[in-house]
């Protein structure tokens, strides 16, 4: 192995690590605010990539119809939970979000998709289709069990992942898709050749992480989210709605997952079930960071990506074994160095 | 009252039919589940199979096993017990075919599998296959490598049974041909990056690379190799011979070479190829019904199975529905010679229940986003 190969492997590791980092941040965020270990996170990445690829091919993506189904289910849940007639404004807002938005999207996308739209329009459409899936899923699966234990929430989350995968097969089919690069050029950096799309991916990841940092430290909404994460009861005492915080966290997670999907769709072939393994790597990075620290999660995600790249080079047959095997000693070390209660 | 009348009319109408001897062929196919992309064209081919052979009408029954070996087993039993099947067909994958074959051996019913299934010696007399062995497919690739002067080959295959079997098949063949295997790498269907493997392959300076994967995932290494500036020949296996592979791979898979059953490029075959006539007939009829680019090797396998069954029915004597007749069909299958079908010419014998020769595979090259027939000589 010479230095050029090492540089290429590091580059590959950084690209994969960047995606894992985005997902790891989502895992940490959702766990902190809602105590949910959100396994379907990766599925949203795949859905976003597949939606973008479908739009590029001029086909109405199945995810638009999926969103309609989720929306109808959410609306039914809301109506069934009513004890007395709600204020008209509340009803209008809810039905607007759960029924009108997905329906308009679905009908609109069927007319818009064959029209050979510019890339940015495809990306915007993908975002508005995939992002609401986050809060919709939260409303459907997790809001009704707000006070459940972490374990019960985790089991539900695995269930949601299985349902999502089945729906993905139904709406996208078994074949893989790849979208065209948003930026097709290459950058020459000494002996390194960096694909434009890869560079774009890394820049976007950095920007998103930077924006997240600003959001949490500089804005009221971000500080409220953080407060809800630190102590739910404390936050409620000072007038922060934990329910709203949960929803906002899921919007954020949906947004990040959708952007990650849009960014990797041109780099790899995505399948309806590709998301799980990507999500799992992000999950591992979040675990290594103790599900608590954002910088820790980002750092371990990038290290994980680089380890993976080198493992693929040295022993491709054992790539996943090496990646997941290395997590064990780290977990052991973590549990020995900072012991804490099972339930908190 | 009305319904009763209709029923009695139907019953009267049925009586002469039931008296007339009718051969039953019962298929268990993976029309749903992970192997649906194989099972669907197989099921759709049913409409093009012979309706009678040797003066006897053939009745077809198709059951879906959802790519589940347990379901395939149940289906095979249903075929034999409820439908009184004389010949079994299927299934689409090796594990499901093994289930069907087990029932076939147990009940003494001949079966034509559509997957390269390996069974016990006791069951083997009853099991025939209308699918090419990997070794036959590999021989076409190796012939091409020798002809174009490839001496160093890189291998990147699925980290599963498919990749493993290909590696095991080609390793001795390459050795015999004097081609050196310079790198052996693995990747998974769900991998999002194969950069590590590609770098290792390129670093070992091969003349050509063989990608042993099935479906669209096998496009990923090809794309990676071209991105890293690899200019040598890329070979794929017949598992990738779908239009989806070209769609996903785009310009990176231009020029890649695959071994396929002749039916995939039937209209492009040379006039001298024995499968051309019947192949074009099936190809045109299938395309007319299911659209351009719909013909796959899998539908062809089903068509072949139908031809083999018809040839055996024409040769066998006896009353359908009896064990003696099934025995006669088995003997007839084993003795079939020169059965021309869309995937080559079959010559079955007690030692060879595949019956293919080199006429059962051709090479194709991806040219301008489509598979083009590539003459080997």
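Placement of Cβ uses the backbone N, Cα and C atoms for every residue, glycine included.
No curator has checked TrEMBL annotations; they are predicted automatically.
Listed features, source TrEMBL:
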- A:18-39: transmembrane segment (TRANSMEM)
- A:59-79: transmembrane segment (TRANSMEM)
- A:91-107: transmembrane segment (TRANSMEM)
- A:119-138: transmembrane segment (TRANSMEM)
- A:150-174: transmembrane segment (TRANSMEM)
- A:194-216: transmembrane segment (TRANSMEM)
- A:249-271: transmembrane segment (TRANSMEM)
- A:283-304: transmembrane segment (TRANSMEM)
- A:311-333: transmembrane segment (TRANSMEM)
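Away from its own ends, the transmembrane segment (A:311-333) comes close to residues 1, 5, 9, 281, 284, 287-288, 304 of its chain (Cβ-Cβ under 8 Å, at least six residues beyond either end).
Looking at which of A:18-39, A:59-79, A:194-216, A:249-271, A:283-304 has the most CB pairs under 8 Å to the transmembrane segment (A:150-174), the answer is the stretch A:18-39. Only residues 6 or more beyond the boundaries of the transmembrane segment (A:91-107), in the same chain, are considered here, and those with a CB under 8 A from a CB of the stretch are 60, 64-65, 67-68, 70-72, 74-75, 78, 125, 128-129, 132, 136. Between the transmembrane segment (A:249-271) and the transmembrane segment (A:18-39), the number of CB pairs under 8 angstroms, six or more residues apart, is three or more, so the stretches are in contact.
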